[in-house]
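S.K.: Provided herewith is a single structure, encoded as structure tokens, for subsequent inquiry.
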Amino acid sequence: MGNSNCRNLGIPLPKGPNAVGCSDFMMDHTLGGTFFRLYYPCVADEDAERPEWIPRKEYLYGLADFMKFNRNLSEKIFNYLFGSFKIPAAMNAPYKQNGKCPVIIFSHGLGAFRTLYSAIGVELASQGFIVAAVEHRDESASATFFYEKTEEMEKWMYYRALKPGEAEFPLRNSQVKKRADECIAALERLIEINSGKKMENVLQTKFDWTTLENSMDLCRIAVMGHSFGGATVIEALSYTVLLRCGIALDAWMFPLDDEIYVRVKQPVFFINSEKFQWAGNIMRMRKLESSSTSMHRKMITIMGTVHQSFPDFTFLTGSWIGKILKLKGEIDPQVGIDLCNKASLAFLQRHLGIEKDFNQWDHLIEGKDVNLIPGTNVKEIS
């Protein structure tokens, strides 16, 4: 799909002890079916196929629509900038049997899709997690697709922009509820796969899903997401206690009902960028701290970061393009994502009861690093 414009750019390699595989799962020939990319520890194979970061040109069309750019021109530009990048994971590689893995359900942001947070997905999988990156079908993804059984044809769905004069909250509120439902549905499919139930994957990938039987530790499940996905984290936590904790990356809290905050009992970790947040949004995050479990609610801010410091775009653009498009902040992108990943791993170990050495990064949860701020840099409303 084209050539990258700089050899020094690319999605960071995972740092954990496990090689990482990935595969796509789609269940049901309807719009209501489940669709996610799974990252998992795999059998190492240096010659394995690495998947393209942008899997289909239709996703480029969706990004163009989301950004309100011309599709034909944008396809050429995006293809030039991003077309040759690969995800550092082995497509459909065999699962590596090594005890039971804790599970993470990941929710993408507005205008994104399942592959755009691969730096986070592959790192968590390399550290021993099974990660399901959901592709949402609530018209908040830039693009997604499904198959109609009667026609055996692909049907594409693109991002739905607000109509002229349309109030935003009703749309976003309905979307965040559907997103949470989709996260729970993905978890339910994983539970069925873990039980050994034979599942029909509409995509008919080469991965043998039966090898995941008894692979997951279903007592250790978390939910994680960015921006709109951060709001989805809070919504999903209110739905089920199977989700033991949540990590919200630069969460956009606007879509949530006011009454949801008292329904969330699990630990929550807000990891924010320096440049995106504002007082009203932080105030909504603080509402979670008024509950009896506030000691398990943490917030840090990564200095020098922007809202797009969490998706993969930040690693794949040069300095000047990244700054113009607000895909890069002042901090080295790999330093920023390392802080995010390490702090997340420490939080997950603390609240899932994992026996690893991630507690070496406990200080990051408290914002104790030269590149971190405990809490927020935003002047809050008293």
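Every residue gets a Cβ built from N, Cα and C, even glycine.
TrEMBL labels come from automatic prediction, so no person has curated them.
Okay, so TrEMBL annotates it like this:
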| type | residues | note |
| --- | --- | --- |
| ACT_SITE | S227 | active site, nucleophile |
| ACT_SITE | D250 | active site, charge relay system |
| ACT_SITE | H307 | active site, charge relay system |
S.K.: Tell me, how many other CB atoms lie within 10 A of the CB of H307 (active site, charge relay system), whichever protein chain they belong to?
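M.R.: Step by step: centre on the Cβ of H307 (active site, charge relay system), count other Cβ atoms within 10 Å, giving 21.
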S.K.: Would you mind checking how many other C-beta atoms are within 10 angstroms of the C-beta on the residue listed as 'active site, nucleophile'?
M.R.: 24
S.K.: Near D250 (active site, charge relay system), how many other Cβ atoms are within 10 Å of its Cβ?
M.R.: 28
S.K.: Do me a favour and check the Cα-Cα span between the residue listed as 'active site, nucleophile' and H307 (active site, charge relay system); whole Å is fine.
M.R.: 8
S.K.: Can you grab the distance from H307 (active site, charge relay system) over to D250 (active site, charge relay system)? Cα atoms, rounded to a whole Å.
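M.R.: Per the Cα atoms, H307 (active site, charge relay system) and D250 (active site, charge relay system) stand 7 Å apart.
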